[in-house]
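Below is one structure; the comments refer to it alone.
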Amino acid sequence: MSSDPQWKSFQPSTMDSDTAILDFKTLSISSPNGSPYNNGANGSSNHGHYNHYPQNYGSSGGSSFPIGTFTGREGNDGSFNGDSNTNSSSNSNSFNQSQPRERDQREPQQSQQQQNNSDGAYHSATRETGIIEKLLHSYGFIQCCERQARLFFHFSQFSGNIEHLKIGDPVEFEMTYDRRTGKPIASFITKIAPEVVLSEERVTGNVTTEIRSDGQGGETQGRISYENRGECFFLPYNKDDVEGNVTLRSGDKVSFQIAANPRGNLGASHVRLENPAHPVRYQGVVCSMKESFGFIERADVVKEIFFHFSESKNKEEIRLGDDVEFTIQTRNGKEVACNITVLPRGSIIFEDVNDEIMKGQVLKPLERGQNVRHQNDPLPGRIKYRAADHSESEVAFGDKDQKGDFTLRHGDWVSFRLAIDRRDGLKRATDISLLDESFNVSGERREQGVVTAVKDGYGFLRCVEREPKLFFHFSEVLNVDKDVSVGDEVEFTMIQDQASSFSHMRQRAIRIKHLPPHTVKFENVMEQNVSGTVTKDVLPGYWNQRSPSKNQSNDKTDPGTITYTINEGKKTITYSLKDCDHKCLPKVGDQVEFDIAQVKRNKELVAINVRVSQRAAGGDRGDGALHQGYIAALKDGYGFIENLAHDMEVFFHFSNLDGDANKLELGFEVEFTLNIRGTSGTCMSAENVKVLPKGTLKAPTVLPDVLDGKVVRPLRSVNPEQEQYAGLIEASTEAEGEKGAEYEFGITSLTNKRELLQIGDPVHFQVDSQGRAANVAAIRKKRRATVDSVKGLFGFLAYEVEEGKKLFFHMSEVKENATLQAGDTVDFVLVTNHRTGKSSACNVTKVCENTQRPERLISRLRTTSVDDTGPKLTVLRQPKGPDGTKGFTIARVPRLPGVGVE
């Protein structure tokens, strides 16, 4: 019905209303032959209405029209009683006795005729009917109803208020000819209305007849029944009149609007399913979720449908990507998914993907950046390829069809597979990969480099041919199956980042391809096996400091120099730490062999692959003996060793460790050799560090007495500014004000090696046979709190030392390597660094896991309501007991009958 332009629901500007039946508005319609239209005087247009009506509807041979009022033309009084033979003065059975007669439609025709005669225009006296097809600024077009014609008209030819004229309105006009062009136009236009015009409210009814195929490629009409004042009526409807891509079944409850074409034929339009008699189960996949609602991608049509979390019938929460089954109901004029149940994963398949790998060329790549916000097409990309029949075809693709989010350019050669949507048969390209031949076609400049840093989703490259480090995002890596790691060798294209400002045009790498190891060369070897003498040591920058800073990069080194003779002339060349053997670093005066290479970036000559061939006399500035000690501190890439005398610490770099640095722990027993670092000759470093089996170094005997005391000097690892390495504990005495005995302690004296003892901390300790403190344990108050958040290697507790700041803790302080998450209850010790004033949690012990429901579920329960339109209950404050705990404790005390409780 809705496909025919004559079938519309019209809203005229001013209409006489008859509230007798459903508040319908009525207006007379004349039949083409000029006689009053009485809806089926020949009995052929009853549209399924019952043939028995109340007595006052009339009893003549024609079927009576149950709704509306007709007004006739000259010779009729405009009343309708269902009997064509009834005298015009007899109106006792008139359907609308109180309705006034409508203005005779001949009056405007006569006035228009007189006006036409006065201005000399030529026109036909025959008036036609049509539908407003198009309205522009000051003119429009009318589609004729009786013939295939489309006529132009100017707004000045309309007899009413032009603002009341809408597209689809039926009109009556006379055809005349434009005096300038001679083309036919419409003039003397008046608006007519269908017999029944529905008010804003919708009518409710039930489907009695379904739409079925007629066996000839067409479909039969369905029928809907509804009641009015105790009478039952039937209206036809077509497939195009049904909203929402649903199939109506017999017994379904629907709402609709009643519409009529200019000939008075009634039908149901805008039919909406309200409550199915036998609910149909639909399937889909949850595609998006908010706080308490979401959307489901339907498997039957290309459409999303709204759902509320309260419609879930499963105990478990609905998650993004779940396959679900549901029914559809209409609420507030919109379709919603109800009675949702979760299906097993993989139950729903939207499309069939062809196994054949296709090859094509990108015609239109995806837009990136700000332009994506204004993109309405879900598949904006295009690929040209050769189909199976050797014809040239195009296929669309979207942002989720690439294997990664790398940049595609026009003309790129790609491989892909075809996917066909089961719902509408739409083809698209998926599993798109970039082919290497694209770089040859594009002519882009490809560069090489090595990954030097990896962050959260991005990283930096050291380029072969440019000085600064280059930014890149993980999305630009072509091989999505390979993780990006430091040291990876890659090939890439450099572009200017359009998102950066013009004053800071940042460069970044795109279309990144992994290369095999040892492919990237930063230097070109010019000469090999050259002999020379070291004239300056190569030392890391932090080796000249007593306490290296972890914020300094380990690869920032002061270059060394080598003097060599070539062509009877002496030359000096630089070398770096990365080109030496870390376990046998060259010293001043050592004879070395090396290769001469030219750096591609700046064409500078450097020495690489430096090897010590002969040590200089006295060149080993260490004593050469093996020393032993204990790991006292571990930093970022380096650490310190406490010697056996417990009176000093020795620096060592992880590169000098024989083993895995990640397995080092405080207190480990090690052996090492000493070597002088720097140019002062006083700074010693440990080399050839090797971990010893536990118990190799004999510990002194510990006396049984347990003493109390307090720390008067911490270890130097706690306070690097102090001169003495060892810490000092003063024993407590019985006499007030009397100073007790003092005992030194080191890393081996601590029961908990990670505990940072501060000045003034009370401790329990024992004394060993060497007069040193042993088994030192801090006496600290245990506190309890909940975990606020966990972020990788550290986290925060819901415990405020300073206003508005959570308490920091490191995961290394968590005992028994327990896994913590937000909401867990823990015991901890509060430690404050007297030098920095910052507090942290130590000795974190997990007490119990979080049993509270997730916040998302809590908010769901808060907003769940049986009646969506009624008031909702929202919890503003959770109940707490007098002691501040959640909930209420049992306050009643058991007592004997008749005995009061004191």
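Every residue gets a Cβ built from N, Cα and C, even glycine.
Just so you know, TrEMBL annotations never went through curation; they're auto-generated.
The region 'Disordered' feature in TrEMBL is assigned to 27-123 (among others).
Residues annotated as compositional bias 'Polar residues' in TrEMBL: 27-36.
The feature compositional bias 'Low complexity' is assigned by TrEMBL to 37-53 (among others).
Taken from TrEMBL, the feature compositional bias 'Low complexity' covers 77-99 (among others).
What TrEMBL lists as compositional bias 'Low complexity' is 108-119 (among others).
The annotation domain 'CSD' is assigned in TrEMBL to 127-191 (among others). Taking DSSP states H, G and I as helix and E and B as strand, the domain 'CSD' (127-191) has 6 helix, 37 strand, 22 coil.
For the domain 'CSD' (281-342), the mean pLDDT of the prediction comes to 88. Sequence annotations record features per position, and here TrEMBL assigns domain 'CSD' to 281-342 (among others).
As annotated by TrEMBL, domain 'CSD' applies to 446-514 (among others).
If you look up TrEMBL, you'll see 539-562 (among others) marked as region 'Disordered'.
Helix, strand and coil counts under DSSP for the domain 'CSD' (626-691) come to 6 helix, 39 strand, 21 coil. Positions annotated as domain 'CSD' by TrEMBL: 626-691 (among others).
The domain 'CSD' annotation in TrEMBL covers 782-846 (among others).
What TrEMBL records for 852-892 is domain 'SUZ-C'.
Under the heading region 'Disordered', TrEMBL lists 869-889 (among others).
The DSSP breakdown of the domain 'CSD' (446-514), given as helix, strand and coil counts, is 6 helix, 35 strand, 28 coil. For the domain 'CSD' (281-342), the DSSP-based tally of helix, strand and coil residues reads 3 helix, 38 strand, 21 coil.
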